[in-house]
Amino acid sequence: MPKVQLNGITVDFPFQPYACQEAYMAKVLECLQKKVNGVLESPTGTGKTLCLLCSSLAWQEHYKDAISARKIAQRLNGEELFPGPSWGNVAPNDDIPTYYTDVPKIIYASRTHSQLTQVINELKNTVYRPKVCVLGSRDQLCIHPEVRRMESNYMQIYTCRKKVMARACHFYNNVEEKSTEKELMSSIMDIEDLVKKGNELRACPYYLSRSLKQQADIIFMPYNYLLDSKSRKAHSLDLRGTVVILDEAHNVERLCEESSSFDLTPYDLASAIDTVDVVLEEQAKVVQQNEVNAEFNMELASSGLNMELEDIAKIKKILLQLESAIDEVELPPDDSGVTKEGSYIFDLFAKAQITFQTKSSLLESLEQILQYLSGRKCEFDSCFTQTFLCNAGKMKCWFISVATSSNASIPFAQVHIHLDDSNQKKKQKTDVWSSSSTKKEKTLSYWCFSPGYSMHELVRQGVRTIILTSGTLSPLSSFTMEMQIPFPVRLENPHVIDKHQLWVGIISKGPDGTSSQYGNAFSYSFIYPTAGNLVRVVPDGLLVFFSSYPVMDKSLEYWRVCSLIEEVKTMFVEPRNKGSFSEVIDAYYNRVVCPKSSGAAFLAVCRGKASEGLDFADRNGRGVIITGLPFPPRMDPRVVLKMQFLDEMRRCGAGSQYLSGREWYYQQASRAVNQAIGRVIRHRQDYGAIFLCDERFTAGNVRCKLPSWVRPYVNVYDNFGHAVRSVSIFYRAAQEAVSARRLSTLSLQHEKRLADEQKGGRKRIKLISNEVPENKPNPTENKRARAALYLATVKSILSKERYKLFTMALQDYKLRDDFIAVLSQLSALFIDDKNNHVLLRDFYQFIRPYHKKQFHEACSSLTGEGCGYKPEHGLPWEEQDLTTPSIGFCLLTWLCSAGNFMLNKATVAR
């Protein structure tokens with residue numbers, strides 16, 4: 001693999017990196033070497049994940065070299081074994097630790113485990129083989145049948161703990177013995193791999209991951225494990241001296257605030273009271289039974305709960321007092337809610353005897369009750385038990401949140417008491433006919449309004465470096481201001497695409513001249529005909545993003561009545577239910593590639609699932625329409641209080657350290673827009689158009705917040721016809737660029753034919769015979785036979801694990817068409833051994849035409865020999881041989897299916 005020298009460190013990269021990739025890795029190394037924080041933005045498709053892994057692991061290896069260099073120098077009385085600046089110059093001598101165990105660990109965090117799985121797969125495609133650990137929850141990692149049957153997370157936690165304490169889980173009992181298995185410590189495993197390995201070893205994956213964490217060089221986890229102090233404690237995370245990388249960091253701001261906030265609803269509080277009430281009744285029965293047993297010298301009964309009745313009754317009294325204290329807060333006549341300073345939470349809890357002096361005994365009592373509930377058997381309704389256990393667990397978390405709140409967090413938080421707007425209702429225990437109470441139920445909300453508080457907590461843990469990175473962090477200035485910690489290193493990376501691959505237009509007027517000036521309401525009269533006409537211009541797949549579900553629903557209703565869009569493209573709508581999302585998106589993908597359709601339109605909401613990391617590469621997303629600026633709901637109490645909080649902080653002298661409320665409001669809209677438009681251009685060869693259908697995008701304070709790779713391409717169109725004409729020319733030029741290679745190929749073929757005809761000074765004469773020609777072999781069958789031979793050869797050479805990576809690379813290339821990814825994956829499999837170089841070159845037959853030249857050049861660079869590229873190889877498959885349409889696509893599909901079949905067959909055979 002190519003080796004790149006950056007900041008004095010050698011980085012092994014799967015292929016020759018682009019300039020923007022080198023710039024990105026250089027910034028990562030700068031953060032690590034100088035022990036400073038960095039915020040790095042790099043668009044999707046620029047290989048951000050690969051750059052992060054290769055640069056950080058290269059630095060870590062170099063750090064280990066520095067320790068080795070020092071130890072050797074000490075043994076040689078200060079003389080260097082290998083003089084020169086290339087080894088061990090990762091840090092000043094006084095910063096190099098004495099022991100290898102002190103080498104900084106890398107903590108790589110992303111939003112979800114599915115994203116982490118993609119990162120770990122990228123790691124497998126590099127030459128780096130660090131010791132790896134991935135952390136997850138019991139719900140994801142536990143393999144004990146009884147615990148897995150529990151529906152509630154709280155039930156799983158306490159059932160697991162009970163079995164572990166009693167040594168009643170044989171999976172846990174095997175952990176100590178199996179955790180030192182060489183294969184376990186040297187393998188790079190994601191969550192699914194760890195669970196499979198745990199089943200093979202009959203050892204608990206959850207506790208195996210905790211054991212692997214101690215020796216790991218790099219630890220993968222969702223970033224709520226890092227940012228939430230309760231989760232850090234639960235996973236025993238020691239962050240001293242670690243390098244923290246937060247990928248997909250555009251969500252970090254919200255998560256930081258939520259990790260330090262909570263809502264206590266009347267339903268939750270009433271359920272917790274009922275939980276304690278049931279426990280109290282059961283304990284009273286046990287006490288009564290034991291009094292009878294004592295009279296007759298019989299064995300005393302035990303419920304498993306070692307608590308006095310008075311202690312349980314005290315818990316119930318505390319909860320009733322808290323409920324009463326919340327109810328006593330008077331709301332204004334308009335029921336808009338009451339807002340207090342963050343310190344008010346201590347005054348409110350003090351009324352219920354919840355103080356710093358009583359917190360320890362209270363939390364200990366709650367823990368005992370939770371342990372008792374988790375051990376309840378089937379004599380009680382399981383749903384009843386799980387519901388109460390869940391709410392008792394929540395109650396414990398609330399008390400921990402308040403009990404662990406320091407004075408430092410109070411200025412960043414506010415208490416808001418308001419009418420309960422949740423749909424959960426607690427069933428009345430009293431007779432509703434005899435009860436005349438019509439009291440309004442209230443919710444207690446404790447909201448943190450500064451993500452900087454959680455970031456400061458990270459810094460206080462003693463981390464070495466924090467790197468925040470994503471494809472959409474713009475505007476960086478306001479983002480870093482919200483974080484409230486210094487970021488000396490910053491980067492806004494350009495894209496790897498050329499100018500003819502992206503069209504961006506601000507459309508301020510519709511087809512009939514209607515302005516998109518929104519005022520205080522969404523301009524339906526503008527967006528209805530505008531989107532209805534743009535859908536006729538955009539080929540294949542089109543994405544339409546709305547600011548909210550009500551706006552999308554109303555637009556959808558109109559378009560279905562008038563069939564303005566459906567007569568051109570089939571419409572698919574982002575479901576609110578996450579369970580059915582994958583079905584809808586798969587149907588959309590299938591419709592786009594259907595030869596009998598003219599494409600499809602996918603309607604979604606900004607900040608929804610479709611705008612978060614979903615891949616709409618190539619035909620799946622040739623255009624995206626932003627129907628307006630997706631501001632947060634202006635009258636939402638939390639939004640109002642956040643804006644008031646920011647304005648107050650600026651007035652109190654914080655000055656430039658804080659955004660104003662209005663700046664934050666616009667920042668939220670801009671970040672949601674940037675996340676949505678990032679769905680379009682997904683790789684180096686992709687192209688697409690972005691339609692910003694809101695006149696407010698012309699304003700400087702809005703336009704400047706677009707990503708740096710988008711801003712140079714923005715044009716404003718006051719005339720709708722001019723915009724349509726411009727984008728039509730763009731699509732025509734983009735499609736012609738794809739077919740330009742076909743024209744050059746035809747020219748070369750014509751010149752070759754003329755040369756052949758003139759060879760010997762005369763034309764070649766073709767003899768025509770009346771004989772029936774022999775049946776020519778089917779080229780498809782020939783190519784399939786060749787593919788089958790190739791597949792069998794690969795399978796015989798690679799190990800089962802590496803062959804699985806090979807088939808995954810095939811599937812990924814077929815679905816995502818990501819050339820950079822498949823090249824890096826194949827390089828990792830075939831480059832190390834020179835005898836396997838031919839297998840890399842032979843894969844040329846399955847590479848799509850528009851990637852063949854790049855693949856040929858990459859093979860020349862990596863193996864010293866190309867693949868015999870010719871210009872006609874760049875023709876679309878259906879044009880290379882008119883007698884066998886789409887033969888290449890069929891072959892790639894067949895190869896993926898055959899590869900999976902052979903892999904499954906080998907697995908079954910085992």
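Glycine is treated like the rest: Cβ placed from N, Cα and C.
Because TrEMBL annotations are produced automatically, they should be read as predictions rather than curated entries.
According to TrEMBL, the feature [4Fe-4S] cluster binding site maps to CYS142, CYS160, CYS169, CYS204. Cβ neighbours within 10 Å of CYS169 ([4Fe-4S] cluster binding site), excluding its own Cβ and spanning all shown chains: 23.
For 148-164, the entry in TrEMBL reads motif 'Nuclear localization signal'.
Each residue in ARG138, ILE143, HIS144, VAL147, LYS163, VAL164, PHE171, TYR172, TYR206, TYR207 lies on the same chain as CYS142, CYS160, CYS169, CYS204 and has a C-beta within 8 Å of the C-beta centroid of that [4Fe-4S] cluster site, without being one of the site residues. Cβ neighbour density within 10 Å is lowest for CYS160 among the binding-site residues CYS142, CYS160, CYS204.
Secondary structure of the motif 'Nuclear localization signal' (148-164) per DSSP, as helix, strand and coil residue counts: 13 helix, 0 strand, 4 coil.
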